[in-house]
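Just below is one structure, and these are the notes that go with it.
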Ligand code: SF4
């Protein structure tokens, strides 16, 4: 996983709330067995509409998505995170994220920056009035800077540390392998096995 | 201070706690299906890691399988299923493939085998894993990288959840079921209302539910945004489990039951939030919008977005446009063309019995197709042994092979654009049942009554089967 300290890129205002994972990546794209190439499925239904924001060439290089509240609700599919990342997004900004989506994002290296809805509105206005505005997301100071907007964002300490270090989950856990073995020896023998 | 049920199960699974780090939790059962596992196995292969506990892991094929006889024809579906078979073979994991006597929807298979037991931690790369919470297990959906993590370590680093009590007291009226309870809960707290919480369903109405009914309630906790739903185990739970293939036996059974009896929220425990619902006030519930929180009692009309606050209004306006509905239309006037009875929410034997009792001796309305899809091969066999298949086919419904079917548009069972369904599944998102398809979530009873009348209906809307006065006598009297 690549380390994330600061990222500067094009902000994309997505004025929609309750963006569920079926909209981020429709079920029909889930059948693939790889971890890459999901960019064509990102917001597939909405992209059929010519006026949808990602069809505007100004945002072609978009890497910071600024969305309404309750982003990532619905199915636990991690493909939603891959689709966003494969497309080129490194950061999603929203005032509220669905838990599973947020967890999935942290592990894959997509930053979910949670800030106030007022700040989201300010960013929307700025990005709509001046399309293509460059936005900087600084994970060290936890701030989003765009034009004259400076917004603080929340991300939990643990996820932040891991993103900053670029640490992968499994290697972290396997450092405690003896604890796992010790726990296994204490499990009641009647617990079911599948074999 | 006392602990809640969720906290007790959590505490019993902590492998390691570290300052400022998430707890490392042990996982008792890991269920897999073909959609969310391939990339996890890919990851293991790339890093040269084995599966730590193949004996606590089980796979089944469900999302992609066709529900009519014959092979999978869609090439991508086929790739996913073949990939799962290859991965299970390579890593030594038990798999119940299409056609196997134990195959079925992952959340139907675990409980019916007795693999889901009170006090366990159960995970699966599928959000409806919350279903297993009906047994007093802490069960939740995980993403593919967590699937890889559990395969490699049999643990997950997790941050504690908050707890919410949902107390449902009172008696359900006739024709009202567990599905109506959970739809009413979601409408009350909203699709984000359970965010960050484990919900514990309690109260006399919950106690009175069968295991199937409890599974329906826990299954849909996730639609309120919750991480999991739980119900404390009791005699109903033990009776369901006793004698099942993987349930403990003999002395082990006694030891297990003794420990399961401790699994309830202590009197002096505190929840972070509480919601109370009066079961006696509930009536059949249906959704009118495009998220499971957009629902109302069947006796109501399509709501007017103008009466809602800003965020809700926008979402309701969009929903009505997508659903092709006009505010003010009585819900009972909405005509549907498809009825789906099935899924991990309502594809168990009791659900099929409820639907069969309604359609028995009646006909599915002209122009309506009704699909009845058992949740597993075992459910199918049992239903056939009880003659339910004949009841359905005689009424004009289609009796299918087990799978996720029309719950999601990943297999041949789909809605065409503009088609409208009454569905016993769990999600009414845009396109969930097929591009442009419109979904109304309902209970099996409402689904069956709707199939007969062709409009959203409850069994009480149906004409009695036998006229109280024979028709001939009526004609005679009038003459
Ligand atoms: S029946 Fe539906 S919700 Fe349940 S596992 Fe299958 S696709 Fe998911």
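Every residue, even glycine, has its Cβ placed from backbone N, Cα and C.
The record from TrEMBL ties B:404, B:407 to [4Fe-4S] cluster, and of the options B:218, B:344 it ties B:344 to that site too. When the ranges B:360-383, B:456-479 are checked against TrEMBL, the one recorded as region 'Disordered' is B:456-479. Your range for region 'Disordered', going by TrEMBL and the list B:316-340, B:416-440, is B:416-440. Residues in the region 'Disordered' (B:416-440) partition by DSSP class (helix H, G, I; strand E, B; coil) as 0 helix, 7 strand, 18 coil. Note on residue B:404 ([4Fe-4S] cluster binding site): other Cβ atoms within 10 Å of its Cβ, all shown chains, come to 30. Residues B:62, B:63, B:105, B:128, B:342, B:343, B:345, B:347, B:375, B:403, B:405, B:408, B:425, B:426 surround the recorded [4Fe-4S] cluster site, their Cβ atoms falling within 8 Å of the Cβ centroid of B:344, B:404, B:407, which are themselves excluded. Under the three-state DSSP scheme, residue B:404 ([4Fe-4S] cluster binding site) falls in the coil class. Cβ neighbours of residue B:407 ([4Fe-4S] cluster binding site) (same chain, under 8 Å, six or more residues apart in sequence): B:340, B:342, B:343, B:344, B:345, B:423, B:425, B:426, B:427, B:432, B:433.
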